């Protein structure tokens, strides 16, 4: 007999239940009235629900969101000062409205009894075992929610019941899951899961259910209730950040990081990394539809993906434990699963005391461990006999699909590199995260304003500073997040994983090897070689849209390969063709040839639909800009494109020469172009189509596209050409190798080793150098642009003129005059047409600007009345800023007298190494 048999578990469970009853009885019966012996309200947070009901019945809906008003009602009810605020959206009003029609204790115990009964019913369905009810009642998370009087039972009931019905009754399941709109921070992963699993009926039903609740709440309580709710979110975020909402009672990575003393940005950064891991895990396992493991991973990941979750929410973890326990009992246990599951069961009991004493939160660590174990079980796809006691891991490893094994190892390697880069940047920047370029802060500033209903950097004028149509709108969807600064990095990380996935798929499809282990190893080595020599990591930390651009470019090439090999058009190829130019206009160079390729293969529907939607989307955005008075092209494209600025053949020649100046990349692209032409005459039709795509794209890019600047502009075409050459030229290289050495199959790893060697020799060193200098480049931005941002926002606090726009404009309530013209079409036209510097003074006077912070090298002629006040110099080797030196100009004598003492004060706060010379 084992120690943890059914009898032992049953007795221990009832022992816990008895202890809870005794403890609760002592608290209640040794207190006075509604107050327990610890001078706290019996029922904990339920007093908030009860007080809200009083306000609702009296017709004062908005007063619920006023902390002072609600706490005053709570004090009237209890006779004690209470500080339990309301942070729920209006749909929750529908449930609590009539609580106050009952006496307090009747309402409290009715609420707990009904929701607890529903919770137990759901857990019993998940794990139909005789000990389930006792274990659920004994679970410390159950007791935590009971004494708090909270809604943890309801949340777990809705989530668990919805997931249980998902396979058989998807519409009903969706309706139930949609009710979680009352706690959206715990529900957003459910949407990702349903999308990944293609559960469209459930997703539509959930959206309809949530929308219905929102509409009803607006009809009953008014639209003002929602506006007030949104106004309280920054307050809740602030209270979370400073610890007024006790961190030791929370279950999140953010709370753990803040408890350790990490800064708010660093804590959000760690939370963002773990959130990305949770999202990827949920998306992958739900895409594979690996049930019930998908339910386990979802319910565990909910706590990893949010910075805000309390211990009473761990009733949801009870669902995870039930599913995992039943899976182990029926399918067999893997090593370490029982002990980790037991620790997870105990965590709600011990986490808070330990966190309060030591600042160490154990729950996030246990949750991550549980997630890894569930992913292991899902990856292995095991269905073991219940009585099997020992597992032969060598046997298990051998049954893993080669492609999956290589993919997971590649993802782990990439994730570790990302995390190392992030930690190094935070170390160099004293806890402040920065990207390697200033440009992403233009997008972040624009996204904030888009979310507020305005397209432009300054709220007083429209502008189009972004070269991407869709990127700022993607970011705008996250503008209210406390970790908004990290959103570009998170998206880029996901895109990088997508890129790794595509290359892993390609190599797994093409490689042939004597044994599976060698094939897996070669796939890993080849994929990671591509990661480094195509600057995937360096691109991600620019914070720009180029990682998404590269991913979509590879989707186009890979999709065409699939269409040629399998005689079908993947649905995502059509989406990639349309989305490419929306991410960056340069992707027209890939999308248009891809459409021609579809036409050549007679896929008429895919070709016509993608072509029409592409034209409609790009021209529609141009029409939108025109209605704003901004012309048909973004200012950033006009400012950088010689073709649009000059409008004649000389511009095309200038563009071509600028590409040729970047020798490694241009040599590689020209070599690929020559090989593409060779393929058009010497290979089979399938390879000719592929050669047509990247051959045409290379020509278009070198004649009309951008080049250089941290290699970001070239990477979409370099990556597409790399994938194309790997696939198309295997036959060519095998013929050359055969002629020189011996017979060699075109799918041999030696062939691909030759391809990668050619690519590495062409430009790999340059991109490897870019990757290794990423942290230094980010520190450059911290030392220059972030310090400019600090001075303008926290010292000067007035309108300013600038030429390197990003961080100075981000979260700046004052007007920012962009002298280069990205954020001001007026400034752009003046700069391009004026013959002297008078336009600078004119625009500055128009916008009441008295200070300019510029690179002197960007403006040869400056107004004679501008007086230099100071020069700021980088403290480290310059990687990405346009200059080591930034000059502060006072535009008149009065502003000089104002700015100089502020700069002297600012000088003392600069990072070590940064020099500020004040005149």
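Each Cβ is built from the backbone N, Cα and C atoms, and glycine gets one as well.
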Which range of 520-541, 630-651, 784-805 is transmembrane segment, per TrEMBL: 520-541
458-475, 548-565, 818-835, 836-853 - the one TrEMBL records as transmembrane segment: 548-565
Listed range which TrEMBL flags as transmembrane segment, given the options 715-737, 876-898: 715-737
Highest-contact recorded stretch vs the transmembrane segment (12-30), from 92-122, 143-165, 171-195, 293-310, CB pairs under 8 Å: 143-165
Range from 143-165, 266-286, 407-427, 571-596 with most C-beta pairs under 8 A to the transmembrane segment (92-122): 143-165
Close approaches to the transmembrane segment (143-165) from elsewhere in its chain (Cβ under 8 angstroms; 6 or more beyond its ends): 20, 24, 27, 43-47, 49, 92, 108, 111-112, 115-116, 118-119, 121-123, 125-126, 172-174, 176-177, 179-180, 182-183, 186, 190, 295, 298-299, 310-316, 318-319, 348
Outside the transmembrane segment (407-427), six or more residues from its ends: residues with CB under 8 Å to it: 266, 269, 273, 277, 280, 379, 433-434, 489, 493, 496-497, 500-501, 504, 520, 524, 527-528, 531, 536-537, 540-541, 774-775, 778-779
Positions whose Cβ lies under 8 angstroms from the transmembrane segment (202-224), at least six residues beyond its ends: 56, 61-62, 89-91, 93-94, 166, 170-182, 190-191, 194-195
